[in-house]
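Chemist: Sharing the features that Swiss-Prot gives for it:
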- 32-57: disulfide bond (DISULFID)
- 33-73: disulfide bond (DISULFID)
- 94: O-linked glycosylation site (CARBOHYD)
- 1-23: signal peptide (SIGNAL)
């Protein structure tokens, strides 16, 4: 029994000091979009947005947050998405990255 406990303890220590364990904030999961909205979202429903440009995601996207706290993924190449981002930038006092 002591051998099993010692082996378990050793495995836990090894996992804690592995490169993935030491990675810190970089190992935080990234939000990715797999389905993009096809229809324009009414501007009155939008509250904010963020861009998804991580190399870990299969595609670049914009995630709009609605006033009802829903996240909606959209294609940043679409004109309505660019217009919506511009609208939110003008509405917001702080610029988006």
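Glycine is no exception: its Cβ is also placed from the backbone N, Cα and C atoms.
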Chemist: Using DSSP and three states only, what is residue 33 (disulfide bond)?
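Modeler: DSSP call for residue 33 (disulfide bond): coil, neither helix nor strand.
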Chemist: Let me make sure I understand the structure: which of the disulfide-bonded residues listed (32, 33, 73) has the fewest other Cβ atoms within 10 A of its Cβ?
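Modeler: Per-residue Cβ counts within 10 Å for the disulfide-bonded residues 32, 33, 73 bottom out at 32.
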Chemist: How many Å lie between the Cα of residue 32 (disulfide bond) and the Cα of residue 73 (disulfide bond)?
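Modeler: Rounded to a whole number, the Cα-Cα distance is 9 Å.
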Chemist: Just the number: how many Å between the Cα atoms of residue 33 (disulfide bond) and residue 57 (disulfide bond)?
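Modeler: A Cα-Cα distance of 7 Å.
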Chemist: According to DSSP, which kind of secondary structure is residue 57 (disulfide bond) found in, if we only use helix, strand and coil?
Modeler: coil
